[in-house]
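Let me begin by presenting the structure, written as structure tokens, before commenting on it.
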Amino acid sequence: MPVSLLWAVDVYGRVYSLSTGGGLWEQCRDAHMEFKRVTAAQQCCWGIACDNNIYLNLHASDLPVRYQEETYENQRWNPVDSFSDRLLPSDRWQWSDITGLQHQPLDGFLLPSDSWEWEGDWHVDENFEGEPTEKVGWTYAIDFPAYYTKDKKWNSCVRRRRWLRYRRFRSMDTWAKILPQQTTLPDPFSDISCGGWEINEEPRGRLSLWAVSLQGKVWFREGIYHLNPEGSVWEEVSLPGEVIQISCGPGDLVWAVLWEGQLLVREGVSRDCPKGTSWVTVDSPSPDVGATHVAVGVNVVWALTKDNKVWFRRGINSHNPCGSGWINMVGEMIMINVGLNDQVLAISSEDRAVYFRQGVTSSELSGKTWRAITVPRDGDRSHSSASASSLQSAGIYFCGEVRAQSAVSDVESERGCTDGAAGLVTSSSPESLVDAPTDQPVETPKPRIPKVTSDSFISELVSDREPAKTSREETPPAVLEEEPLAVEEDLKDPCAGVAVPPQDPQWCNVDLEEAQIQQTGLVLDSVDTCSLSSVATYTLAMEDPYGADERPLWAWVSGGGCNVDSHSQLNWFNSMNASSLVQSVQSMSLSVSPAQTAAWRRQIFEQLSERTKREMDNFRHYEQAIEQSVWVKKGTMQWWRDWKPYKWIDVHFALEQFSGAEGNKDGILFIYYNFYEEKKYLHAFVNDVTILVPVLNDSKHSFAIYTPERTKQRWPIRLSAATELEMQDWLALLSVSCCDSRGIQGPPSKQAAWSITCKGDIFVSEPSPSLEAMPYPTPCDQMFWRQVGGHLRIVECNSVGIVWGIGYDHTAWVHTGGYGGGFFQGLASSTDNIYTQSDSKSVYIYENQRWNPVTGYTNRGLPTDRYMWSDSSGLHECTKTNMKPPSPQWTWMSDWSVDYSVSGGADRDGWQYAADFPASYHGHKTLKDFVRRRRWARKCKLTTTGPWQEVPPISLSDVTILPCAAQINVDVVPLWAISNKGDVLCRLGVSTLTPAGSSWLHVGTDQPFKSISIGAGSQVWAIAKDGSAFYRGSVSAESPAGDSWYHIPSPAKQKLKQVSVGRTSVYTVDENSNLWYRQGVTPSYPQGSSWEHISNNVRKVSVGPLDQVWIIADKVQGSHGLSCGTVCHRLGVQPMEPKGQSWDYGIGGGWDHITVRGNCMEPPRIRLPSLGGLASQSSCPVSTEANGNAVEC
């Protein structure tokens, strides 16, 4: 999970941030004034300063905020001046917007604020609908407005061209003042809250910002999104009363608190109306005490009353934003806030500490217990390494407690041992207290405890360090007197003898309706454990001049940008940072000189050499003892019968594996079935199995077994297990057996080919040197593929072992060098470099309607129409109730919502219109439109494991890595990528030691891109979203980002979608699945000259460092029909014939991506005695293309 920030403001107005991966409050040093309140999102933080102005802190990113300004220059032809700026009185402005109604001269564009700067001067856009224009960007038409073309005709009387200029937001990681567009606001703001970025699939970066003025008015900030982070204008929202505080959640929840103590709920908040339509009043949780504070999340609402009681609102959802009732929770707080994933943070009324609500999950939104965040600040001297060293030398640590916890809370899950080195850092909980006596009592003088003030974070400290002998009748004093601190020897058990004050209530949720206060003291004894659920741990030493009352006092906290879930590992609950301990250990290691280290290594090597000679060399003449064994694993499964009628039948499945005399392993698969009461069987040698593919769906836990013959037929052996666990056990066992029979172990090699199925499963194959040999290459269907843990949509590699992947949710991942994960266990998976990986995607269904004269559009269609709820093809019925996730591995993470991001556009309700089913859809209704449809989306999530680590924080849609040759050594490997917004990025610092790189370098473009590829000669090609091709010039090691883009014309009447560049070859695939080769590419003219059509029915293409060509093809003929998603290899590719000759079909169908950009093994050179007749004598079965097609249709 990427690192995110928790923001807070102390009572002195200083702003701090706490990272989810760190353990230190870091002060915002650039804040030149004090702040009152802050509200955070993942990409920014808003605040109200002491001057009552609103400020924005936008987090710095490698991806800049660039806004494109555009204007059009219009000209008309006349017989005297030809084309000139002399227009007719009825014409549009000479400089206007695209409609011609608004006057936009070049000097009329001004920067919105001082936070922006111009990126360059005005320039002409020479791209028109994916094609480069002639005559400096002019497009021609008969008149204004009309259809424009890039070619001038005899009747072209007007022309126009587009001018572009970019401005960049420069105030990153600093507080930028938001100027009110009005002359002055009526009164200053007193509260602020941001949210709304999840309203019905709103485009990423769009925010809703609400503010409250001192007079109780509510204001809404319009126009905030990722290209305009400051917003545009404030608009007042009408109210039924005066508001003192407001809270906005990530979705459509907006609550406010009135001066009288009642609460307001905003209704009608939607994608088209983020401000909402009306207010609904909700009574205060307590009839006698009014509400003072409210905090909302996605599905939760928390509130505080004037007596500092905490309340939880039940029954909250998008359909019922008002909820159904209040539940009194434990604790007394003065401020509360809800962050991402409905996680709750609050500030205690007693000690002004920030508390985190533990146990908040989707099934238990109220959580379990409060836990204080006890990390130090970056300005605390007590956190320095010198202080830590003194603490270690003193060996004395004290644990303080605030409140006791009930025995039924989650104390057991938060206990741990603190012995040995781990005992240097101890902590305690506000909700549990464990007394851990040592086995051997140590005589130590009674430490003298400093005096604690009434507003201190710890109300009592320990007065006795000996093993606990306190009975339940004994109670510690409320306030301990200050005495000089005495230290004579280290204590073996720092947590022994700790008692709990009896008068405090228990902070836990035993019963959500009420919290019973225990009036008797509670002491929990334990032999070997002490609490790790820390609220505060004070470390005292003679050198530390700070007292216990110098802890931070917090006034405000905001978790809107803090991404924490129930599985997150946080370092927020330790009072002493472990970095000081690490520094002390490192300082001890400095005493060892390099000469001593070299001597030790030499001595160890000599001893190992002598041992090897003694234990192995003296016994080499003996015959090696190898056990020749046979073992069999049997089970009952179901098998998809090969002949009609095709159906699942019960079979007995067996794997017989044996070891040969030389230690080699092999095996046989047996499938025993009954045919007309006659017992028969199928068998397949393990050494013949080329791939094992899991085929999970909602009804069967099945997998497919391919052999070379089965691959040619496109008809694998399909087996189904009773449970998913049983299927995973068989897959792991069969995969290990296949790898053992072929002698394959460990992680993939640097030369490996990677592929991904349509379901996101990752496979890797070790290529043989003869795979590209001529004229006898290794057949593609004989390649062995093994699965690698993880889940991806795209994977790219190169020959130095750098592998990157992109998930369905656009998250970037880098390969760690491990192997296994997923369903692999034991020897089939590495013990390290395996991490948790998550992925998410949307499932789509379509709602279809037909128009009739009586009722208009309705869900009653013609008998020949598609289902009224269907998939994209309309052939399968898919409703909201019967639609399930893609497989049992996926779980729903949202509800169904209308998807507006559809090709062709949609109206405000998400409908697309057409003349009939199926047809070309558009987003506006015409008189000829008799049918309409809209797409519904629902997100699902998958969690697995694999050798992948996340590369935050920018989401990517494509990535490419320099395909290095075998003899070339590259220290820094160029890596290019495209963000999910279409920005082109260049990764810096990528090497074999740091495959994830260090930072991104943004490369400017005039339009968003969708595909990119870098060749072995550092030539960079890219495809824009309009289907046009571009070449990046002057890319080198000295200039990794190049200097400029060169527009390359696309093939006639085609829009490109993907590009792949090898050593000298450039291949592209268009939106009609045609494969194109760029002719004339030379070092002196890298842009090439023209496009040549190679094949059709191509989905993806990958060109390797030796110009080898591999594709994913559709409509490949098999024994039972056409197969989509087949891996194909181009044969006959040579330096003199880079286009190749024919296709060889490999594994498939069901594949979606392949990359061979890591295979730089030169094929063996075969000297033939005679070239005549060898083509007909070749025993290698290959498939030839017919009419230029990659398939046999």
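Note: Cβ is positioned from N, Cα and C throughout, glycine not excepted.
Residues or ranges marked as domain 'Peroxin/Ferlin' by TrEMBL: 64-125, 137-170, 838-899, 910-943. The domain 'PH' annotation in TrEMBL covers 631-741. Taken from TrEMBL, the feature region 'Disordered' covers 411-451.
Residues in the domain 'PH' (631-741) partition by DSSP class (helix H, G, I; strand E, B; coil) as 27 helix, 58 strand, 26 coil. Mean pLDDT, taken over the domain 'Peroxin/Ferlin' (64-125), works out to 92 on the 0 to 100 scale.
Counted with DSSP, the domain 'Peroxin/Ferlin' (910-943) comes out as 0 helix, 18 strand, 16 coil.
Secondary structure counts, DSSP: the domain 'Peroxin/Ferlin' (838-899) has 0 helix, 27 strand, 35 coil.
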